[in-house]
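Colleague: Before anything else, here's the structure in question.
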């Protein structure tokens, strides 16, 4: 039987070990959800319902619970929660996938704040998962909108990539 600490270390090691195959597979294969959906990959949900079930609880639960928490007046807590909530504000002027940029910034911030292997692991895996997807989405926008799509807009990192 594993101790809690040993289980944690094994889970963390697993996260780092699955990162390379994740990024390689997602560079070669488009994950079949959202605009890249295709038949044969299992049941699907309408995109608005999928977003509501997957993403919205994070926003509304934070907005609902934080004001009632014991740290609601703590400047440090407000400084940490604000960037998390602000990542939902879209930055489509600079990148094709502002939501992915927000996720990456969010996990980078968490990695820096925790200064831990777990924080680094979540950040690296998030990049491995979202950067290839952002590139696929960016190509899709370029193909769909052609010359009408802003030529200076990048996939996920403003002014860079």
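The chain as shown is numbered from 1 upward.
A Cβ is built for glycine as well, from the same backbone N, Cα and C atoms used for every other residue.
Annotations for this protein, taken from TrEMBL, read as follows:
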DOMAIN    94-161  domain '3-oxo-5-alpha-steroid 4-dehydrogenase C-terminal'
TRANSMEM  7-29  transmembrane segment
TRANSMEM  49-66  transmembrane segment
TRANSMEM  78-95  transmembrane segment
TRANSMEM  107-131  transmembrane segment
Colleague: Across the domain '3-oxo-5-alpha-steroid 4-dehydrogenase C-terminal' (94-161), what does the pLDDT come to on average, as a whole number?
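Modeller: Its mean pLDDT is 93.
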Colleague: With DSSP as the reference, give the number of residues of the domain '3-oxo-5-alpha-steroid 4-dehydrogenase C-terminal' (94-161) in helix, strand and coil.
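Modeller: Taking each residue of the domain '3-oxo-5-alpha-steroid 4-dehydrogenase C-terminal' (94-161) in turn, the totals are 49 helix, 2 strand, 17 coil.
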